[in-house]
Each structure stands twice: as structure tokens, then as C-alpha cells.
Amino acid sequence: MAQDSTIKPFLEVLSGRRQAVPPIWMMRQAGRYLPEYRELRAKAGGFLDLCFTPEFAAEVTLQPIRRFAFDAAIIFSDILVIPYALGRSVRFEVGEGPRLDPLDTPDMAATLSREADMTKLEPVFEALRRVRRELDSKTALIGFCGAPWTVATYMVAGRGTPDQAPARMMAYRHPEAFAKIIDVLVENSVRYLLGQLKAGADVLQIFDTWAGVLPPREFARWSIEPTRRIVEGVRKIVPDAKIIGFPRGAGALLPSYIEATGVDAVSIDWAAEPSLVREKVQSRVAVQGNLDPLALIAGGAALDRAVDDVLANFAGGRLIFNLGHGIQPETPIPHVEQMIRRVRGSGLRE
């Protein structure tokens, strides 16, 4: 029997139905490895200009869908748009990444606005509406935000650091002041995600890129609990909202994360222990991941083996095939095509 053309395989997995061929997309799939992205990026000027010009953001979002026919598009934006909407200075320096005015003392934290100006994020919502109109009926649309812990690490330090020590130190020395930053980010992340659902997103992902630097007690307080509050806040308004969590580097704490947060799926990095994930995680929620981005750069037989390992480990349950983190700019496009062929041919090998 032919598959219903209106069914989105990505949403089927999140709704509890394993797919013989796992749906596939990539974190950072709209990015510098694509020549069409680089061309539009140069035309846009600054990175935030690219994010906040709906015509450009929508086009960049759609580029990898046109080229690779992924099962999901993720809106082109950045996790630091909420600090921007809170009135913080956010800049992207070429070759250096984001720069913000640091909130590294209790007095500085006290200057943080409580409520984000959502009109500043209207370009993101408009880009979502444009993409929604262009996607076919089988392709899901993902909206996202950064988890409060990860966003706070950039806000406190004013930049990315190797281990985000400034935020960790502030959380130890001034937990009340740090908690106020987290509270503001929780409240405004809920508002932002609800706006994305209203604009056409099918699914939401919460990126906690720096979760893995936290010890277990702090992980529970600063990663799990804020994420739980966001999920609860979104579902209070949209009870059936589908939400994916990505606590990168959580490792053995993944079972605690899914139990407490209530996410529908969890994205895992390439170092996650397969047996733990199968037994303690995938038995309860869908799993997304977890190809090493360097295997994708390597290509050839090494890439085939790495893809097959992910499928062998997780395709027996509910799996969304993805990378364990974002695709690297130097990744050859033929290697992406090789990965997709390997994954989509897996149903024939069952």
C-alpha cells in the first residue's frame, strides 16, 4: 500500500511509530558547507542581518531541503536571539563567534530586562510562515531555542569559552543572581517557542549545547529543571506540542533528563553509550542522532561504517537519523549525499 502523501515520517516517529527508513535531517544543515548559503550570506552582510531578514532566512532554511530532500527543515536563526530581544548587545565577529556585554556579577545580572520585546523576533516568525508555505506535505518544520543554561553561559561570559567556566563560577558563587537570569530565559523561551508554533513550526527543539560541563547536581538544577519548565509552559498552551531536547554531553544523565523534562525525543551526541540509550532512553522516547560529524567529513568506507553503526544501534526502535552535533563547514557535499543514500537504503536491507 502506498504511503499517504500527507504523512510526515518525522512526526510519525515523534508520535510513537517507528519508521522502517528513519527520517533524516542534520543540525546546521543550512550552513557554510553549501555554496548557495555562502553566496546569500555574502549578500546579506552581517549574520544577524541574515537571521532577521525573512526573505533571506527562509531561503537559507529551504536550501538543504531542495538539495537533499531532508525529512525536516529547521528554521535558520540563532540561540542568542532571545538575549537580543531582551535588549542585550549581540554581535557576531567574523572568525570569533558571538560577542555580548557580559552579565558576570549580581549587579550586572540585576540590569537584565524581565520581558523580551517579541516584536524584535517577528522576522523569525515571518520566516517560519514563508517556509511553511513552501514546504511539501511530507516535510516537517522545526522551530527552536537555546536551553536557558546554554544561553546563560554566553550571556555571563560575553562569548563562548572552552568550558564556559564564567557561568559555572557565577552559578556556584551567586546562585540567586544566576537563577534570576535562568528564570528570565525560561519565561521568554516559552513565549518565543509558542510564537514559532503559531507561525507554523511542527516541532520544537531545545539546544543545551553546554549541558555536558555540569556535574550531576548542577545538571539537575540548571539543565533539567529549566527545560522541564519550558516544556510545561509550552504544553500548558499547546498540549500536544512535540518537543526534542538536546542535552549535549549528558551521557549517563540522559535517563534522568527524559524522565524529568517530558520531551518526546532526545538528541544524543556520538559519545553516548548505545546500550544505555537503547535500554534506558529509547524504550521511552524517540532518539535522534548520532553520527560523528568528523566521520561525515572522512567519507568513504569509514562513513559507511559509522552510518551502519548508528542504524545497528538504534534503528530497531524509534530513530531520527542526525549528526551528534552540527555539520562542519569543510564537509564535502558528496559525503552528505553518501550518508543520505546509506540511510535511505537501509529499509531495503531490513
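Every residue, even glycine, has its Cβ placed from backbone N, Cα and C.
These figures come from a predicted structure and were not determined experimentally.
Taken verbatim from Swiss-Prot:
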type	residues	note
BINDING	R28, Q29, A30, G31, R32, D78, Y154, T209, H325	substrate binding site
SITE	D78	site 'Transition state stabilizer'
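Neighbour density at the Cβ, taken as the number of other Cβ atoms within 10 Å, is lowest among the binding-site residues R28, R32, H325 for R32.
D78 (site 'Transition state stabilizer') counts 19 other C-beta atoms within 10 Å of its own C-beta, drawing on all protein chains shown. In this structure the alpha carbons, written CA, of D78 (site 'Transition state stabilizer') and R32 (substrate binding site) are 15 Å apart. Neighbour counts of Cβ atoms within 10 Å were compared across the binding-site residues A30, Y154; the minimum falls on A30.
For the recorded site, H325 (substrate binding site), the DSSP three-state label reads coil. The record assigns R28, Q29, A30, G31, R32, D78, Y154, T209, H325 to the substrate site; their largest pairwise CA distance measures 23 Å.
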